Amino acid sequence: MSTSTLQIETRQDEDEDEDRIVIKPVNDEDDTSVIITFNQSISPFIITLTFVASISGFMFGYDTGYISSALISINKDLDNKELTYGEREIITAATSLGALITSIGAGTAADVFGRRPCLMFSNLMFLIGAILQITAHRFWQMAAGRLVMGFGVGIGSLISPLFISEIAPKMIRGRLTVINSLWLTGGQLIAYGCGAGLNHVNNGWRILVGLSLVPTVIQFTFFCFLPDTPRYYVMKGDLEKAKMVLKRSYVNTDDDVIDQKVDELASLNQSIPGRNPIIKFWNMVKELHMVPSNFRALIIGCGLQAIQQFTGWNSLMYFSGTIFETVGFKNSSAVSIIVSGTNFIFTLIAFFCIDKIGRRYILLIGLPGMTIALVVCAIAFHFLGIKFSGASAVVASTGFSSWGIVIIIFIIVYAAFYALGIGTVPWQQSELFPQNVRGVGTSFATATNWAGSLVIASTFLTMLQNITPTGTFAFFAAVACLSTIFCYFCYPELSGLELEEVQTILKDGFNIKASKALAKKRKRQVAQGAVHHKLKFEPTQEIVES
Ligand SMILES: O[C@H]1[C@H](O)[C@@H](O)[C@H](O)[C@@H](O)[C@H]1O
């Protein structure tokens, strides 16, 4: 490989900007980078690991989804009285609170104890939480069960996408991580479906909670026999285990290529010192904030998670029931199924687009789409004349209303654009951070998600009452609009890049143009048949925009 800087090859018809992107190799000898994952056919082992890890996504969706149906059918089963509105809120919010608490420490725990043991620990939390709820006859036991279950949700919501991104071949890393989101939205859909079916069954809510034990037990059992990620083993200095997992993952790859890859990962792995986990955590927090590429990753990771929550999706999941009732749909469970079904279907579409079209593009399609849909809803609410007093809606005219129909259609449009972009992309967060701060970085981003979810869930009704539904939807639209600008300037294209290459992109700026050029280049290399393991690719250690 030559010592001169490497110019990304460009086609004539491509953007002129691409010509100005220069990629410099770190040294002449280093030609091992990114070889191994090119055009690797996906092995049954990677599929198994992905599906087992993403059961956590299912639990996240199911456990946050079943509660709205359960609250309807609990009736007087707790303390022999109807639940007050405040008690309902506590039961609902307890899981988000639990998730917020554990998400703060789960990343560090994943680095210290491993990803797999932490996921198995989350299974234990799901188990204890579910048993507390199933046997609850008192409100406080139910709330405690929901909190403990939330501990599990927080750990799983962080570690499952982290685990998947660390085992995935880079060209389909996005897709494999979206499988977690598919299970998540599928879990919400199934929870609403089961909830609707069990609504009128005596103690049906206990069955609903009990069903959550099935995936927990399956995940735990599988993990007894499966390994951790190769990158975790490299972090711990256990290179032999890392090689063993890579060999099982890439069955047709020569041993020397595997060895090269592990050496490469080991050379890039600069573990953060610390005598005990607390000092280590503190040093990682410092590293996260003081190294510019880490700090940029943090801005993107937390920014996207905040956008996901502050554009109002979760509050809409609850509120859509009331809206649909205004135009004659009396069955709020059916409504939730339509909205969460749209969420699921468009997450599936994101699955097909995320690596091909790229994360950046689907975000830049999704957010403006959401903005328009929210603006239309805000206008329609104005003409519908809906008011809120207490927790219930008062509509000026009941029955069939054309503005009501407009709202329904645009809520579904909003759900579609949401699921396509911001509902899915933030969970790709692990790829933003280098190995040494990946745990703590994803912790901060996940905690932002749960904090946002708590804030929105607890202020939504107040917003409806104080600034009207039109004001509330206009607020969400404004957030979505500003978020489009944020993503345009700050979110680089990361599809097809090695996890280790992302830091190069973020080193001296957000480097949007360079990222797009590099992502295109990687895709072109694959398309041109760069399938041979020995093929040399230049390691991208420095990217300069001139
Ligand atoms: O990505 C997920 C998904 O979009 C869910 O539908 C939503 O309830 C969660 O809050 C979010 O994190």
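Every residue, even glycine, has its Cβ placed from backbone N, Cα and C.
Bear in mind that TrEMBL entries carry predicted annotations, made automatically and left uncurated.
Bear in mind that the values here come from a model prediction, so they are computed numbers and not experimental data.
Residues or ranges marked as domain 'Major facilitator superfamily (MFS) profile' in TrEMBL: 49-495.
Residues or ranges marked as transmembrane segment by TrEMBL: 42-62 (among others). Long-range Cβ contacts of the transmembrane segment (42-62) within its own chain (Cβ-Cβ under 8 Å, at least 6 residues beyond either end) map to 119, 122, 126, 152-153, 155-157, 159-161, 163-164, 167-169, 172, 176, 179-191, 211-212, 215-216, 218-219, 222-223, 226, 248-251.
Beyond the ends of the transmembrane segment (90-113), by six or more residues, the same chain brings 63-64, 67-68, 71, 83, 125, 139, 142-144, 146-155, 157-159, 162, 232, 235, 277, 280-281, 284, 438-444, 446-447, 449-451, 453-454, 457-458 to within a C-beta distance below 8 angstroms of the stretch. According to TrEMBL, the transmembrane segment annotation covers 90-113 (among others).
Positions annotated as transmembrane segment by TrEMBL: 120-140 (among others).
For 146-164 (among others), the entry in TrEMBL reads transmembrane segment.
Annotated transmembrane segment per TrEMBL: 176-198 (among others), in sequence order.
Residues or ranges marked as transmembrane segment by TrEMBL: 204-226 (among others). Residues 48-49, 52, 55-56, 58-59, 62-63, 66, 69-70, 73-74, 77, 116, 119-120, 123-124, 126-127, 130, 133-134, 145, 149, 191, 194-195, 198 of the same chain sit 6 or more residues outside the transmembrane segment (204-226) yet have a Cβ under 8 Å from a Cβ within it.
Summarising the annotation, TrEMBL assigns transmembrane segment to 294-313 (among others).
The transmembrane segment annotation in TrEMBL covers 333-354 (among others). Same-chain residues lying 6+ beyond the ends of the transmembrane segment (333-354) with a Cβ under 8 Å from its Cβ atoms: 65, 68-69, 174-175, 178-179, 181-182, 184-186, 188-189, 192-193, 195-196, 199, 316-317, 320-321, 323-325, 361-362, 411-412, 415-421, 423-425, 428, 495.
The transmembrane segment annotation in TrEMBL covers 361-383 (among others).
For 403-427 (among others), the entry in TrEMBL reads transmembrane segment.
For 439-461 (among others), the entry in TrEMBL reads transmembrane segment. Sequence-distant contacts of the transmembrane segment (439-461) (same chain, at least 6 residues past either end, Cβ-Cβ under 8 Å): 89, 92-93, 96-97, 99-100, 103-111, 154, 157-158, 161-162, 281, 284-285, 288, 294, 297-298, 301-302, 304-306, 308-310, 312, 314-315, 318-319, 388, 391, 426, 429-430, 432-433, 472.
When Cβ-Cβ distances below 8 Å are used as the criterion, the transmembrane segment (473-491) is approached by residues 296, 299-300, 303-304, 307, 310-312, 359-360, 363-364, 367-368, 370-371, 374-375, 377-378, 381, 422, 463, 467, 510, 512 of the same chain, each at least six residues removed from its ends. Feature annotation from TrEMBL assigns transmembrane segment to 473-491 (among others).
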Annotated stretches the transmembrane segment (403-427) and the transmembrane segment (120-140) touching (3 or more Cβ pairs under 8 Å): no
Distal contacts, the transmembrane segment (120-140) - CB-CB under 8 A, six or more residues away: 56, 59, 63, 77-79, 83, 87, 91, 102, 146-153, 155-156, 159, 206, 209-210, 212-213, 216-217, 219-220, 223-224
PLDDT averaged over the residues of the domain 'Major facilitator superfamily (MFS) profile' (49-495): 91
